[in-house]
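Taking it in order: structure first as C-alpha coordinates, then the write-up.
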Amino acid sequence: MISVIIIEILLNITWIISLISSIYMAFVFWRGRKNPLMNIFCIFVVLMSADVLLSLIYLNDLKKAPREFCIFQALMLQFCAYATGITALCFSMQTYRRIVLNSRESHRMELFYYSSCILFPCIMTTILAIFTIKYDSIGPRGMTCDVINPIWMRLIGYTGPNLILCPLGMYWNVRTVLKVFRQLDKIDTSIPSIPSPSIPSIPKTPFLTERDNSSKSDSTTLFEEPINKNTSFQEESTNEMKSYYPLVSLPTSKSAVSNKSPDNAKYRVATKRLVSFALGFLLINVIASFSTLLDVIMNKPMSSRISSSDVMGSLIGIGIFLIFRGSRDN
(Lines of atoms letter the chains of each structure in order from A and count residues from 1; the text may use other names and numbers.)
(Lines give C-alpha, C1' and ligand atoms only; values in the text may rest on other atoms or scores of the structure.)
Protein backbone atom coordinates (compact mmCIF):
# COMPACT_ATOMS: atom_id res chain seq x y z
CA MET A 1 0.00 0.00 0.00
CA ILE A 2 2.80 2.41 0.91
CA SER A 3 4.66 1.60 -2.31
CA VAL A 4 1.53 2.39 -4.35
CA ILE A 5 1.17 5.76 -2.62
CA ILE A 6 4.83 6.58 -3.28
CA ILE A 7 4.45 5.67 -6.97
CA GLU A 8 1.35 7.84 -7.25
CA ILE A 9 3.15 10.79 -5.64
CA LEU A 10 6.12 10.41 -8.00
CA LEU A 11 3.83 10.16 -11.02
CA ASN A 12 1.90 13.23 -9.96
CA ILE A 13 5.18 15.14 -9.67
CA THR A 14 6.18 13.90 -13.12
CA TRP A 15 2.86 15.02 -14.61
CA ILE A 16 3.27 18.45 -12.99
CA ILE A 17 6.76 18.78 -14.48
CA SER A 18 5.38 17.67 -17.84
CA LEU A 19 2.63 20.28 -17.59
CA ILE A 20 5.10 23.07 -16.82
CA SER A 21 7.49 21.90 -19.57
CA SER A 22 4.77 21.74 -22.22
CA ILE A 23 3.42 25.17 -21.25
CA TYR A 24 6.92 26.61 -21.58
CA MET A 25 7.54 24.95 -24.96
CA ALA A 26 4.12 26.01 -26.27
CA PHE A 27 5.07 29.60 -25.44
CA VAL A 28 8.50 29.18 -27.08
CA PHE A 29 7.02 27.76 -30.30
CA TRP A 30 4.32 30.45 -30.33
CA ARG A 31 6.88 33.21 -29.84
CA GLY A 32 9.12 31.85 -32.59
CA ARG A 33 6.18 31.50 -35.03
CA LYS A 34 8.12 28.91 -37.02
CA ASN A 35 6.60 25.69 -35.67
CA PRO A 36 2.80 26.11 -35.63
CA LEU A 37 2.17 22.36 -35.61
CA MET A 38 4.59 21.81 -32.74
CA ASN A 39 2.87 24.65 -30.92
CA ILE A 40 -0.46 22.84 -31.36
CA PHE A 41 1.16 19.59 -30.23
CA CYS A 42 2.38 21.21 -27.01
CA ILE A 43 -1.06 22.71 -26.34
CA PHE A 44 -2.62 19.25 -26.52
CA VAL A 45 0.05 17.91 -24.15
CA VAL A 46 -0.84 20.74 -21.75
CA LEU A 47 -4.51 19.73 -21.89
CA MET A 48 -3.64 16.07 -21.38
CA SER A 49 -1.44 16.80 -18.36
CA ALA A 50 -4.05 19.08 -16.82
CA ASP A 51 -6.75 16.45 -17.39
CA VAL A 52 -4.74 13.78 -15.57
CA LEU A 53 -3.92 16.13 -12.69
CA LEU A 54 -7.63 16.77 -12.14
CA SER A 55 -7.57 13.47 -10.24
CA LEU A 56 -5.78 15.30 -7.42
CA ILE A 57 -9.14 16.87 -6.56
CA TYR A 58 -10.09 13.45 -5.18
CA LEU A 59 -6.52 12.56 -4.09
CA ASN A 60 -6.40 9.98 -6.90
CA ASP A 61 -9.21 8.02 -5.25
CA LEU A 62 -11.49 8.17 -8.28
CA LYS A 63 -14.05 5.82 -6.77
CA LYS A 64 -15.21 8.90 -4.85
CA ALA A 65 -15.50 10.98 -8.03
CA PRO A 66 -18.92 11.63 -9.61
CA ARG A 67 -19.65 9.63 -12.74
CA GLU A 68 -19.93 12.82 -14.81
CA PHE A 69 -16.39 13.75 -13.81
CA CYS A 70 -15.13 10.28 -14.68
CA ILE A 71 -16.75 10.36 -18.14
CA PHE A 72 -15.36 13.82 -18.87
CA GLN A 73 -11.85 12.92 -17.76
CA ALA A 74 -11.77 9.67 -19.72
CA LEU A 75 -13.04 11.19 -22.98
CA MET A 76 -10.81 14.25 -22.61
CA LEU A 77 -7.80 11.99 -22.12
CA GLN A 78 -8.68 10.04 -25.25
CA PHE A 79 -9.24 13.27 -27.21
CA CYS A 80 -5.80 14.62 -26.27
CA ALA A 81 -4.14 11.30 -27.12
CA TYR A 82 -5.80 11.26 -30.56
CA ALA A 83 -4.82 14.90 -31.07
CA THR A 84 -1.14 14.46 -30.21
CA GLY A 85 -0.94 11.47 -32.53
CA ILE A 86 -2.45 13.21 -35.57
CA THR A 87 -0.52 16.44 -34.94
CA ALA A 88 2.79 14.57 -34.82
CA LEU A 89 1.81 12.83 -38.06
CA CYS A 90 0.96 16.13 -39.77
CA PHE A 91 4.29 17.58 -38.63
CA SER A 92 6.12 14.59 -40.13
CA MET A 93 4.13 14.85 -43.35
CA GLN A 94 4.89 18.56 -43.66
CA THR A 95 8.63 18.06 -43.23
CA TYR A 96 8.59 15.16 -45.70
CA ARG A 97 6.80 17.20 -48.37
CA ARG A 98 9.10 20.18 -47.95
CA ILE A 99 12.42 18.34 -47.92
CA VAL A 100 11.96 15.06 -49.81
CA LEU A 101 9.32 16.19 -52.32
CA ASN A 102 10.64 19.78 -52.39
CA SER A 103 7.04 21.01 -52.34
CA ARG A 104 6.01 24.38 -50.98
CA GLU A 105 2.94 24.27 -48.80
CA SER A 106 -0.15 25.94 -50.16
CA HIS A 107 -2.80 27.56 -48.02
CA ARG A 108 -5.01 24.55 -48.73
CA MET A 109 -2.43 22.12 -47.34
CA GLU A 110 -1.91 24.21 -44.22
CA LEU A 111 -5.68 24.26 -43.74
CA PHE A 112 -5.66 20.47 -44.14
CA TYR A 113 -3.03 20.09 -41.40
CA TYR A 114 -4.78 22.36 -38.92
CA SER A 115 -8.27 20.99 -39.58
CA SER A 116 -6.97 17.41 -39.22
CA CYS A 117 -5.59 18.27 -35.79
CA ILE A 118 -9.11 19.19 -34.68
CA LEU A 119 -11.47 17.06 -36.76
CA PHE A 120 -9.72 13.70 -36.33
CA PRO A 121 -9.74 13.70 -32.51
CA CYS A 122 -13.30 15.07 -32.47
CA ILE A 123 -14.57 12.32 -34.79
CA MET A 124 -12.71 9.54 -32.99
CA THR A 125 -13.80 10.77 -29.56
CA THR A 126 -17.42 10.93 -30.73
CA ILE A 127 -17.25 7.34 -32.01
CA LEU A 128 -15.63 6.22 -28.78
CA ALA A 129 -18.25 8.05 -26.70
CA ILE A 130 -21.05 6.21 -28.51
CA PHE A 131 -19.46 2.84 -27.76
CA THR A 132 -18.64 3.70 -24.16
CA ILE A 133 -22.23 4.74 -23.48
CA LYS A 134 -23.53 1.55 -25.08
CA TYR A 135 -21.18 -0.76 -23.16
CA ASP A 136 -20.76 1.37 -20.02
CA SER A 137 -17.00 1.15 -20.54
CA ILE A 138 -15.65 4.03 -18.45
CA GLY A 139 -14.39 3.55 -14.92
CA PRO A 140 -11.50 4.31 -12.53
CA ARG A 141 -8.11 2.91 -13.54
CA GLY A 142 -4.77 3.75 -12.06
CA MET A 143 -4.52 7.53 -11.75
CA THR A 144 -7.37 8.45 -14.10
CA CYS A 145 -10.77 7.41 -15.29
CA ASP A 146 -10.43 5.58 -18.58
CA VAL A 147 -12.01 3.14 -21.01
CA ILE A 148 -11.60 -0.22 -19.28
CA ASN A 149 -14.15 -2.83 -20.36
CA PRO A 150 -14.69 -4.64 -22.62
CA ILE A 151 -10.97 -4.76 -23.25
CA TRP A 152 -11.30 -4.59 -27.07
CA MET A 153 -12.69 -1.08 -26.63
CA ARG A 154 -9.15 0.02 -25.85
CA LEU A 155 -8.25 -0.59 -29.49
CA ILE A 156 -10.85 2.00 -30.51
CA GLY A 157 -9.25 4.36 -28.03
CA TYR A 158 -5.86 5.96 -28.58
CA THR A 159 -4.02 2.61 -28.49
CA GLY A 160 -5.23 1.47 -31.91
CA PRO A 161 -5.07 4.68 -34.01
CA ASN A 162 -1.80 5.92 -32.52
CA LEU A 163 -0.04 2.62 -33.18
CA ILE A 164 -1.05 3.02 -36.83
CA LEU A 165 -0.14 6.72 -37.11
CA CYS A 166 3.27 6.58 -35.39
CA PRO A 167 5.03 4.14 -37.78
CA LEU A 168 3.81 6.16 -40.77
CA GLY A 169 5.16 9.35 -39.26
CA MET A 170 8.40 7.57 -38.42
CA TYR A 171 8.81 6.51 -42.07
CA TRP A 172 8.39 10.10 -43.28
CA ASN A 173 10.85 11.36 -40.67
CA VAL A 174 13.51 8.81 -41.62
CA ARG A 175 13.17 9.72 -45.32
CA THR A 176 13.47 13.40 -44.44
CA VAL A 177 16.53 12.95 -42.26
CA LEU A 178 18.32 10.86 -44.89
CA LYS A 179 17.63 13.54 -47.51
CA VAL A 180 18.93 16.32 -45.26
CA PHE A 181 22.18 14.53 -44.44
CA ARG A 182 22.76 13.61 -48.09
CA GLN A 183 22.39 17.26 -49.10
CA LEU A 184 24.73 18.42 -46.35
CA ASP A 185 27.33 15.82 -47.29
CA LYS A 186 27.17 16.96 -50.93
CA ILE A 187 27.68 20.57 -49.87
CA ASP A 188 30.61 19.64 -47.63
CA THR A 189 32.38 17.67 -50.35
CA SER A 190 31.72 20.11 -53.21
CA ILE A 191 32.74 23.43 -51.65
CA PRO A 192 36.42 24.34 -51.36
CA SER A 193 37.64 25.99 -48.18
CA ILE A 194 37.56 29.80 -48.34
CA PRO A 195 40.84 31.58 -47.53
CA SER A 196 40.93 33.36 -44.22
CA PRO A 197 40.33 37.12 -44.55
CA SER A 198 43.29 37.74 -42.23
CA ILE A 199 45.81 36.78 -44.97
CA PRO A 200 47.51 40.02 -46.13
CA SER A 201 48.29 41.28 -49.65
CA ILE A 202 45.61 39.48 -51.65
CA PRO A 203 45.79 41.13 -55.08
CA LYS A 204 42.16 40.63 -56.06
CA THR A 205 39.34 39.36 -53.91
CA PRO A 206 36.03 38.01 -55.19
CA PHE A 207 34.31 39.59 -52.20
CA LEU A 208 32.90 43.05 -51.74
CA THR A 209 32.44 44.13 -48.12
CA GLU A 210 29.80 46.71 -47.32
CA ARG A 211 29.38 48.48 -43.99
CA ASP A 212 25.83 48.73 -42.71
CA ASN A 213 24.63 52.29 -42.15
CA SER A 214 22.95 51.28 -38.91
CA SER A 215 24.54 51.38 -35.49
CA LYS A 216 25.69 47.78 -35.83
CA SER A 217 29.33 47.19 -36.65
CA ASP A 218 28.72 43.93 -38.55
CA SER A 219 29.63 43.71 -42.21
CA THR A 220 27.94 41.67 -44.92
CA THR A 221 29.90 39.83 -47.55
CA LEU A 222 28.57 39.79 -51.11
CA PHE A 223 29.77 37.77 -54.07
CA GLU A 224 30.78 39.67 -57.19
CA GLU A 225 30.90 36.40 -59.12
CA PRO A 226 30.71 32.66 -58.35
CA ILE A 227 33.81 31.21 -56.80
CA ASN A 228 33.73 28.20 -59.09
CA LYS A 229 31.43 26.00 -61.09
CA ASN A 230 30.23 24.22 -57.96
CA THR A 231 28.66 27.37 -56.53
CA SER A 232 25.41 26.95 -58.45
CA PHE A 233 24.98 23.45 -57.05
CA GLN A 234 25.76 24.73 -53.58
CA GLU A 235 23.20 27.54 -53.76
CA GLU A 236 20.58 25.14 -55.11
CA SER A 237 21.14 22.69 -52.25
CA THR A 238 21.21 25.48 -49.68
CA ASN A 239 18.02 27.03 -51.04
CA GLU A 240 16.33 23.64 -50.84
CA MET A 241 17.34 23.45 -47.20
CA LYS A 242 16.13 26.99 -46.60
CA SER A 243 12.67 26.12 -47.86
CA TYR A 244 12.01 24.12 -44.72
CA TYR A 245 10.86 26.50 -42.02
CA PRO A 246 9.26 24.24 -39.37
CA LEU A 247 12.47 22.50 -38.37
CA VAL A 248 14.82 25.44 -37.91
CA SER A 249 14.95 29.17 -38.47
CA LEU A 250 16.85 29.32 -41.71
CA PRO A 251 19.36 32.03 -42.69
CA THR A 252 18.29 34.70 -45.15
CA SER A 253 21.79 35.46 -46.42
CA LYS A 254 22.44 34.46 -50.02
CA SER A 255 26.15 33.91 -49.48
CA ALA A 256 27.46 30.43 -50.06
CA VAL A 257 27.82 28.02 -47.16
CA SER A 258 31.35 26.78 -46.65
CA ASN A 259 32.15 23.43 -45.15
CA LYS A 260 33.06 25.27 -41.95
CA SER A 261 29.83 27.29 -41.81
CA PRO A 262 27.75 26.98 -38.64
CA ASP A 263 24.66 26.60 -40.85
CA ASN A 264 25.56 23.01 -41.71
CA ALA A 265 26.02 22.17 -38.05
CA LYS A 266 22.69 23.83 -37.32
CA TYR A 267 20.91 21.69 -39.91
CA ARG A 268 22.48 18.55 -38.50
CA VAL A 269 21.42 19.43 -34.97
CA ALA A 270 17.91 20.19 -36.22
CA THR A 271 17.62 16.83 -37.96
CA LYS A 272 18.82 15.10 -34.80
CA ARG A 273 16.00 16.84 -32.95
CA LEU A 274 13.57 15.57 -35.57
CA VAL A 275 14.83 12.00 -35.17
CA SER A 276 14.71 12.26 -31.38
CA PHE A 277 11.15 13.56 -31.47
CA ALA A 278 9.97 10.85 -33.88
CA LEU A 279 11.70 7.99 -32.06
CA GLY A 280 10.70 9.25 -28.64
CA PHE A 281 7.04 9.65 -29.52
CA LEU A 282 6.98 6.25 -31.23
CA LEU A 283 8.57 4.53 -28.23
CA ILE A 284 6.20 6.25 -25.81
CA ASN A 285 3.17 5.06 -27.79
CA VAL A 286 4.48 1.51 -28.23
CA ILE A 287 5.42 1.09 -24.57
CA ALA A 288 2.20 2.76 -23.39
CA SER A 289 0.13 0.42 -25.57
CA PHE A 290 2.08 -2.75 -24.80
CA SER A 291 0.11 -3.75 -21.70
CA THR A 292 -3.18 -3.06 -23.47
CA LEU A 293 -2.24 -5.15 -26.49
CA LEU A 294 -1.13 -7.96 -24.20
CA ASP A 295 -4.46 -7.86 -22.35
CA VAL A 296 -6.40 -7.91 -25.64
CA ILE A 297 -4.41 -10.88 -26.97
CA MET A 298 -4.88 -12.82 -23.72
CA ASN A 299 -8.48 -11.58 -23.37
CA LYS A 300 -7.80 -10.38 -19.84
CA PRO A 301 -9.84 -7.65 -18.12
CA MET A 302 -8.19 -4.25 -17.76
CA SER A 303 -6.11 -3.93 -14.62
CA SER A 304 -7.09 -1.13 -12.23
CA ARG A 305 -3.47 -0.60 -11.20
CA ILE A 306 -1.04 1.95 -12.59
CA SER A 307 0.13 0.81 -16.02
CA SER A 308 2.78 1.72 -18.57
CA SER A 309 0.43 4.24 -20.21
CA ASP A 310 0.33 6.30 -17.00
CA VAL A 311 4.12 6.42 -16.84
CA MET A 312 4.87 7.01 -20.52
CA GLY A 313 2.18 9.66 -20.95
CA SER A 314 3.78 11.73 -18.21
CA LEU A 315 7.05 11.86 -20.16
CA ILE A 316 5.77 13.53 -23.36
CA GLY A 317 5.99 17.13 -22.15
CA ILE A 318 9.36 16.52 -20.51
CA GLY A 319 10.65 14.90 -23.69
CA ILE A 320 9.63 17.88 -25.85
CA PHE A 321 11.45 20.21 -23.46
CA LEU A 322 14.62 18.10 -23.43
CA ILE A 323 14.71 17.83 -27.24
CA PHE A 324 13.96 21.44 -28.19
CA ARG A 325 15.03 23.44 -25.14
CA GLY A 326 18.48 24.40 -26.46
CA SER A 327 17.33 25.49 -29.90
CA ARG A 328 17.46 29.15 -30.89
CA ASP A 329 15.46 28.22 -33.94
CA ASN A 330 12.10 27.36 -32.41
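The count begins at 1 with the first shown residue.
Heads up, the Cβ atoms here are built off N, Cα and C, so glycines get one too.
As given in TrEMBL:
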type	residues	note
REGION	197-221	region 'Disordered'
TRANSMEM	6-30	transmembrane segment
TRANSMEM	37-59	transmembrane segment
TRANSMEM	71-91	transmembrane segment
TRANSMEM	111-131	transmembrane segment
TRANSMEM	151-174	transmembrane segment
TRANSMEM	274-294	transmembrane segment
TRANSMEM	306-324	transmembrane segment
Which of 6-30, 37-59, 71-91, 111-131, 306-324 has the most Cβ pairs closer than 8 Å to the transmembrane segment (151-174)?
71-91
Under 8 Å, at least 3 Cβ pairs, sequence separation 6 or more: does that hold for the transmembrane segment (37-59) versus the transmembrane segment (306-324)?
yes
Sort out the residues at least 6 away from either end of the transmembrane segment (6-30), same chain, that have Cβ-Cβ distances under 8 Å to it, and list them.
36, 38-39, 42-43, 45-46, 49-50, 52-53, 56, 60, 143, 306, 310-311, 314-318, 320-321, 324-325, 330
Near the transmembrane segment (111-131), which residues from the same chain, at least 6 beyond its ends, have a CB less than 8 A from one of its CBs?
36-37, 40, 75, 78-80, 82-83, 86-87, 90, 93-94, 137, 147, 153, 156-157, 161
